[in-house]
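The following features are taken from TrEMBL:
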type	residues	note
BINDING	HIS151, HIS215, HIS286, HIS491	Fe cation binding site
Amino acid sequence: GQLPTWLQGMLLRNGPGMHTIGDTKYNHWFDGLALLHSFTFKNGEVYYRSKYLRSDTYNCNIEANRIMVSEFGTMVYPDPCKNIFAKAFSYLSHTIPEFTDNCLINIMKAGDDFYATGETNFIRKINPQTLETLEKVDYNKYVSVNLATSHPHYDSAGNVLNMGTSIVDKGRTKYLLFKIPSSVPEQGKKKSCFKQLEVVCSIPSRTLLHPSYYHSFGITENYIIFIEQPFRLDILKMATAYIRGVTWASCLAFNKDDKTWFHFIDRKTKKEVSTKFYTDALVFFHHINAYEEDGHIIFDIIAYTDNSLYDMFYLKNLSKDFEKNVKLTSIPTCRRFVVPLQCDKDAVVDSNLVTLPSTATAVKQKDGSIYCQPEILCEGIELPRINYDYNSKKYKYVFATRVQWSPVPTKIAKFNTQTKEMLQWREDDCWPSEPVFVPRPGAKEEDDGVVLTCVVKTDPKDPPFLLVLDAKTFTELGRAIVNVEMHMDLHGIFIPQQDMKTETE
């Protein structure tokens, strides 16, 4: 096919690539060693490159030819030949573990640099051109977080906003929102932007030893949205996991009888809105978008009624027949919550405070809290992306993978949140990845651009390819076939040509 001449830059993606080292195997797909890959678009041609992230974890494992560093779903024990003192010491050092730097989830831009990110306190700087691994950055040196998300937001000035969890720090467990500036003052050219990192605000966890797990957060023009879901880490269980011979993943539990709490932080005052908003128990990973309209915050997420998704990806479940055998017990649903911030203090109990045209409700309770129920926009989509120029603004389109009862996508979709119309792309025996929207330079319309997705074939003998779709019509513009084995990945970003530093810099 013909690729648009304006498409110049690089699609850079990340995901787990190696699950067996020597005679040892990881238990879970999300534990695999990070494999970066990139597609560079230059004058109508596409160049492919892939390279394992040379993390400390990777180097340690490869050198020993066995898994040496524990991951979330795989706990590793020292060599059984070690003496008793070394073993005892090893038990002690695992209570608050030194987490892995196997950053396999996403790519983040901070200042002019790019980082591979996971969900621990470590990120790794990389060179996007060569995919070389550069220095390791420990968030904990700049802000007291043990975990951080792989889905930061970027404001109009290019600053990074992200959230992390601070576990039992000075006797408190809290969720921190922090900002990494896009540039450092002129005189401090050598300084890293992390030295200028600032904590925007902190939200205390509802319980000291059971912080909520979260994979992303939402942002509107004036507010940050943080959802405290009843899918929680048990800190005491985590501290004893090593001794008990279980994984950290087993310390994550969903309580279906609990509430899910919504926190809204005013970006100017850095204070939380005092009204308490909640909904029923849910598990979610991805925010899609959020915006404000007539005194309401509207936010869209993809949610489940249980936590079966994580369990699907244990490698024992991903055998050759998993499409037939492995079924989610809860289908992903795209839910729109409409939250009235300017609600009348004298509103009648049990009245719905939503005044926008939506089937979503927000009902006042006796204690003054507000019980929210969503409008279901659609079902069966995951890994959502939008035109990021419309992030925190009223928008129409979601680009996503299409999943029904099996966790692995077989189609990609463009969903119109206003008309509920869905366009799809599919082809036999294809597993597409998260679709990334790239706007056409100077575009005036939200869907003027292309959608990029990496497609792996179910038969390893068939070569994988990068697919380029016209985002408006969702028809194929072209594909680039890659004659090497390509892994299924998780997330990534498109870096326009002008944001790429030249090699000499």
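Keep in mind that glycine also has a Cβ here, set from the backbone N, Cα and C atoms.
TrEMBL does not curate its annotations; it predicts them automatically.
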Notebook entry, point to check: Cβ within 8 Å of the Fe cation site's Cβ centroid: which residues qualify beyond HIS151, HIS215, HIS286, HIS491?
Noted result: ILE105, ASN106, THR149, SER150, SER216, PHE285, HIS287
Item checked: In the chain carrying HIS491 (Fe cation binding site), residues 6 or more apart in sequence that have Cβ under 8 angstroms from it -> ARG13, ASN14, GLY15, ILE105, ASN106, ILE107, SER150, HIS151, LEU383, GLU434
Checklist line | Chain-internal residues, separated by at least six, CB under 8 A from HIS286 (Fe cation binding site) | finding: HIS151, HIS215, SER216, ILE301, ILE302, GLU382, LEU383, PRO384
Next item on the list: Please determine which of the binding-site residues listed here (HIS151, HIS215) has the lowest count of neighbouring CB atoms within 10 Å.
Entry: HIS215
